[in-house]
Amino acid sequence: MAGHLTSDFAFSPPPGGGGDGPGGPEPGWVDPRTWLSFQGPPGGPGIGPGVGPGSEVWGIPPCPPPYEFCGGMAYCGPQVGVGLVPQGGLETSQPEGEAGVGVESNSDGASPEPCTVTPGAVKLEKEKLEQNPEESQDIKALQKELEQFAKLLKQKRITLGYTQADVGLTLGVLFGKVFSQTTICRFEALQLSFKNMCKLRPLLQKWVEEADNNENLQEICKAETLVQARKRKRTSIENRVRGNLENLFLQCPKPTLQQISHIAQQLGLEKDVVRVWFCNRRQKGKRSSSDYAQREDFEAAGSPFSGGPVSFPLAPGPHFGTPGYGSPHFTALYSSVPFPEGEAFPPVSVTTLGSPMHSN
């Protein structure tokens with residue numbers, strides 16, 4: 001390392017000064033930083049990193065100027081790197097509070113300002129803040145009222161012995177629209193949207209008033225519950241009757257109303273039951289016929305792989321069989337044109353499963 005420094009910097013006079021002349025510096029060691037920051041005579045080329053011949057001499061590509069941080073904020077502006085000075089003078093130290101060493105300001109005595117928000121955006125935000133306080137206060141007040149009413153509704157419902165489903169059915173009796181148990185539950189838990197809570201609150205408020213004043217509301221609710229709980233029973237047809245209907249369907253898939261009435265009278269069924277059975281049977285026949293037609297078309301067209309299985313050996317070298325699938329080294333493919341007899345690669349059938357093979 002010392003030899004390298006000696007070959008580069010030892011006995012090297014600064015540019016522009018003679019080493020042997022009177023008053024010149026004596027040959028000896030020169031500090032590289034002093035030599036690099038040396039400024040030549042006025043009018044002469046200055047030596048420094050990134051200035052004039054400096055980058056070409058040292059073979060260093062010019063790099064972007066460093067950023068100067070003022071108060072923790074970076075600004076973008078024309079800057080000059082450290083050690084870059086204007087021609088015609090030496091570097092001079094600058095007092096604190098001004099720009100850094102070698103940094104040119106974009107205005108006389110004014111430091112660059114950091115990027116700030118545009119005044120228009122600030123004005124819009126202020127206008128929004130001036131308009132929103134009243135609306136936000138109203139919304140908060142409504143939210144508090146909804147919370148209190150939800151608690152009151154739950155207490156009143158439990159006290160009077162109503163379930164959430166009963167409340168929904170009673171609303172249907174009073175206002176013609178039945179609400180589900182889930183809706184009432186979500187209202188009490190404040191899980192509905194603010195808009196839906198506001199829409200549902202007047203109806204529930206009337207329900208609370210009716211529950212307090214109307215003594216027959218409980219009976220009305222029970223009657224409505226029975227009506228809603230009564231469901232249409234699933235029709236069950238005996239096998240003997242189903243067989244007779246199947247025979248009649250084969251004779252006439254689409255009977256008229258008179259024929260349906262006659263069939264229902266003979267079999268002891270209701271007209272609607274017979275009509276629905278024939279309708280369902282026709283739909284079932286359409287589905288089965290379409291599936292059968294598709295299968296026939298596929299068989300008529302033939303499989304795209306009509307040729308027999310053809311086995312091709314893998315590339316030479318160690319192979320590892322797939323665990324659980326035996327040890328064949330042949331990949332079975334299907335060719336549309338089978339190989340004629342006597343040619344290479346006859347089909348090979350694998351009947352046994354072997355353990356995985358490993359090469360040594």
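Just so it is clear, glycine is given a Cβ too, placed from its N, Cα and C backbone atoms.
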Which listed span Swiss-Prot calls region 'DNA-binding', if the choices are 193-196, 269-272, 289-292: 193-196
Annotated range (Swiss-Prot: region 'DNA-binding') out of 180-186, 236-242, 320-326: 180-186
Range annotated as motif '9aaTAD' in Swiss-Prot, from 4-12, 121-129, 247-255: 4-12
Distant-in-sequence neighbours of the region 'DNA-binding' (193-196), which means Cβ under 8 A and at least six residues beyond its ends: 139, 142-143, 146
Distance, THR235 (phosphothreonine) to GLN164 (DNA binding site) (CA atoms, angstrom): 32
Chain-internal residues, separated by at least six, CB under 8 A from ARG157 (DNA binding site): THR163, GLN164, VAL167
Site with most surrounding Cβ atoms, counting all protein chains shown within 10 Å, from the recorded positions GLN164, THR235: GLN164
Tally of DSSP helical, extended and coil residues in the region 'DNA-binding' (180-186): 6 helix, 0 strand, 1 coil
